[in-house]
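**Student:** Here's a structure for you.
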Amino acid sequence: MLGFLEKVADYTKEAVSAAKYLVDGLGVTFDHMRRRPVTVQYPYEKLIPSERYRGRIHYEFDKCIACEVCVRVCPINLPVVDWVMNKETKKKELRNYSIDFGACIFCGNCVEYCPTNCLSMTEEYELSAFDRHSLNYDNVALGRLPTSVTSDPSVRPLRELPYLPKGIMDPHELPANQQRAGKLPSQIIKELQAEKSEEKGNNNSSDIVPNKLNSTNK
């Protein structure tokens, strides 16, 4: 009889501990259910990158002096600079410039050390292709202006996910109805227009008060 009671007690302890672990796991699950989603419905929703985002490199052929500084500072010597020496002017003449984005690590060293600022990092991050050889961009492809996320009317641009308000370290600390970060340009324009209208209204009201005082003095 005593052995049976000990088995029942052990079984009860194991059941209680299992229920405790189950409640802890479900608690984490329910906590995540109350949080805001951190994903976007790509490609119908796209994030607007930050201003310092290191995307596709933009190249300006007219500014390049073929100094090959970008090649020397590149960790993998990726840029290919094709140039010839002009014997009359004793200067380099650039023929072709290319970067293979299939191997690029987007470190930004070439942009940082370029003496003529002919290279710049853009916000374009959609570089997928069916053929890896098409990722080798020449000076013509590099010279194209980057496409904007907000230019496509069928895509909803989202800017609130990549950023957090000042002083917030964890995105889950924000309430569900609060914006996670920066605002869209249209929202900023509306707020500026509202502020201007309020300033005009305050100025008009301040002008009316002296007029009333003058009328009473008369």
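Cβ coordinates are placed from backbone N, Cα and C, and glycine is handled just like the others.
Because the structure is a prediction, the values reported are computed rather than measured.
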**Student:** Record says CYS104, CYS107, CYS110 bind [4Fe-4S] cluster 2. Source is Swiss-Prot. Which of CYS74, CYS118 does it list for that same site?
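**Tutor:** The one candidate that Swiss-Prot places in that [4Fe-4S] cluster 2 site: CYS74.
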**Student:** Which residues of the same chain, at least 6 past either end of the domain '4Fe-4S ferredoxin-type 2' (95-124), have a Cβ under 8 Å from a Cβ in it?
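**Tutor:** Apart from its flanks, the domain '4Fe-4S ferredoxin-type 2' (95-124) reaches 48-49, 53-65, 67, 69-70, 73-76, 78-84, 132, 135-139, 142, 146-149.
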**Student:** I want the residues beyond CYS64, CYS67, CYS70, CYS114 whose C-beta is within 8 angstroms of the mean position of the [4Fe-4S] cluster 1 site's C-beta atoms, in chain order.
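**Tutor:** Neighbours within 8 Å of the Cβ centroid, excluding CYS64, CYS67, CYS70, CYS114: ILE65, ALA66, GLU68, VAL69, VAL81, CYS110, PRO115, THR116, CYS118, LEU119.
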**Student:** Is it possible to list how many residues within the domain '4Fe-4S ferredoxin-type 1' (55-84) are helical, extended or coil according to DSSP?
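**Tutor:** DSSP classes over the domain '4Fe-4S ferredoxin-type 1' (55-84) add up to 8 helix, 8 strand, 14 coil.
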